[in-house]
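Chemist: Before I ask anything, let me first share the structure, which is written out below as structure tokens.
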Amino acid sequence: MQPLRVQNGVTYNCTDIGSAHFEMGHQESQAMLPWEDATKYARWTMWFVIVTVFILMMKRGANLLADHRNKNAKSFYIPLRSSLTAICRFIGYRRLPQFVTKYTIFPSSVGIVLYVLAGLLFLLCICFIPHFWYRTCFKFGSPPMAVRAGLISNALTPVIFALSGKVNVVTALTGVSYEKLNIFHAASAWTSFLFAWIHAVPFLVQPVWEGGYGWLNHFFTTSIYDISGTVATILLTILCLCSLGTIRENFYEVFLHVHWPTAIAYLGVLFWHDGQSLESWSYLWGTLAVYAAGLLYRYFKKTNYLQLRGNWFTNDTASITVLPDRAVEISIFSRLPIRWLPGEHIFIRFLSIEPLSNHPFTLAGLPEYDKTSRFTKMRLIARPYSGFTKKLFEQASNKLTQSQKVLWDGPYGGVDRDVLSFDDVFLICSGSGSTAVIPFLKYIALELSKGRKLPVKRIRVLWCVRYLEAFEWFRKDIEDAFNLLPDPSIAQFHLHVTGGRAPTDHPSASDVTEKKIDEATSSASSATNTFPSNISILHSRASIKTKLTDWSSQSGTRTIIISSGCQSVRNDTANTAASLQKRILLRQKSDTGSTAKEIYLHTETFGW
């Protein structure tokens, strides 16, 4: 405990609050570093975000222009841009080892990790490099380091809330879908959490240095800022800790129903704590504006029960059917003329199963609109694991076709590039990740069947499944795609089967249920003995690196790789796509005589 401190050669007793000598020191301290000057640190934080969004907007604009020109046989090739893009992708597409992402909060993408670390370094620099950190005495004014950290944490609040919405301003401007922004939502929250604690620590330690724990207790119990700040910090800590991957995976429903009310409470307490000081409320009002706008657009534009063009508070009907290899097909018949592209997904709420839960499912087919009934059919496929999907499978098992009332909103996600503008389309998936990938085959075939002159010259599909019966999920779509192609030889389909025949055990304990499931799958299972000639069946594990390398050696100038499925498949695909960027940098020619100009990767995942 050291109450005596020196400022500019003058000694002050930091516990002698109220004396004229103390007030002189207070005014001198504020003259050296005015409290009001700290507002610039919040602005710098927001400028970092704005510049990032602007760069992504420029990148999107360049991609849209390139896709448009290439689709219309007009070259858009700038060597410098192509090389710089390849360098960024060579680094950014790399994936961290799975054990690192499993036991830490790090995302899998090296590029995202580097960006987040760069942003964190920038914020740490503007917080710690300016001096001084503490004022001579605690009551000369809030510790400057604490003020800087608090304003940085507060300025990140609109970013956190904006990136949490399925519809948000960042997605609208950059084309980056919300599920890919989730990692930045989490990174912003953890960064805000870090600076919230940096903000809090000086308010805890400096009073103890000057007057002991009694001095700290005096300030803590008499200051509304200390009380409200403690509540806000506790709420932010709960939000961050409960969003850890292990907690989300094992207790998702608990996480979901704790997360959003805690977030609302946190924002409310921030209004209380900030007290409209140093422009802090500007960021909080901005938070409310961007978040409310996203919610309103989502509910009035994206839902089937509140859409302005439909009847309010009505639902749609869905039928659920058991598929081979223990899967469930969900067919939704909507009165709305909804349109979507392959790779997009919707959220469904089954009113009779879990009315309070919203679950994402990828749209496993193209839009099917019946002009007679004026209904649009949406097809979804789910694999039963635990929780909701297990309940869904059990209900479908008890009755081969069962109708359910559903609410849904979407579609969301998808690929922010025009696949029809590329020379080569490589589709790689595993298991039920096929729902986000296989529809591209039929989509491209349908567009080519219209006689359009498109750049697409080669389509390669790799689907890894455990059991052969899974092929029945998409047999009709795949056969239709090959029939639609003007030249079926441009497409190759490789199905890698790692197991034998699908087991017949099911979660339903009833023998009658098992019999129904067997009856539903027996005809489909027997049909797997014959396959179209364009499809190769291999009973082995696929080497994704070998496949992609071989395909790329015969590719054209522009290639798009779309991948979905388990983490290992996505990691192998991403690492190989990163390595293939060397073909662009070294100006390597393929066997077709083409020089690679772009190799673009898109991975689908709901995880981080």
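Even glycines carry a Cβ here, placed using N, Cα and C.
What TrEMBL says about a protein is an automatic prediction, not a curated fact.
Not my notes, these are from TrEMBL:
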- 295-418: domain 'FAD-binding FR-type' (DOMAIN)
- 41-58: transmembrane segment (TRANSMEM)
- 112-133: transmembrane segment (TRANSMEM)
- 145-163: transmembrane segment (TRANSMEM)
- 183-204: transmembrane segment (TRANSMEM)
- 224-247: transmembrane segment (TRANSMEM)
- 254-271: transmembrane segment (TRANSMEM)
- 283-300: transmembrane segment (TRANSMEM)
Chemist: How about the transmembrane segment (41-58) and the transmembrane segment (145-163): at least 3 CB pairs under 8 Å, pairs 6 or more apart in sequence, or not?
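Modeler: Touching, yes - the transmembrane segment (41-58) and the transmembrane segment (145-163) meet the threshold of 3 or more Cβ pairs under 8 Å.
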Chemist: For the domain 'FAD-binding FR-type' (295-418), DSSP counts of helix, strand and coil?
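Modeler: Residue counts in helix, strand and coil order: 19 helix, 53 strand, 52 coil.
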Chemist: Cβ under 8 Å, sequence separation of at least 6 from the ends of the transmembrane segment (254-271): give me the contacting residues as numbers and ranges.
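Modeler: 154, 157, 161, 164, 228, 231-232, 235-236, 238-239, 242-243, 247-248, 281, 284, 287-288, 356-357.
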Chemist: Using a Cβ cut-off under 8 Å, which residues of the same chain at least 6 positions beyond either end of the transmembrane segment (283-300) come close to it?
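Modeler: For the transmembrane segment (283-300), the nonlocal Cβ contacts are 42, 46, 154-155, 157-158, 161-162, 164-169, 267, 270-271, 274, 306-308, 409.
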Chemist: Using a Cβ cut-off under 8 Å, which residues of the same chain at least 6 positions beyond either end of the transmembrane segment (183-204) come close to it?
Modeler: 105, 107, 109, 112, 116, 119-120, 123, 127, 133-134, 142-143, 145-147, 149-150, 152-153, 156-157, 159-160, 163-164, 216, 219, 226, 229-230, 232-233, 236-237, 239-240, 243, 608
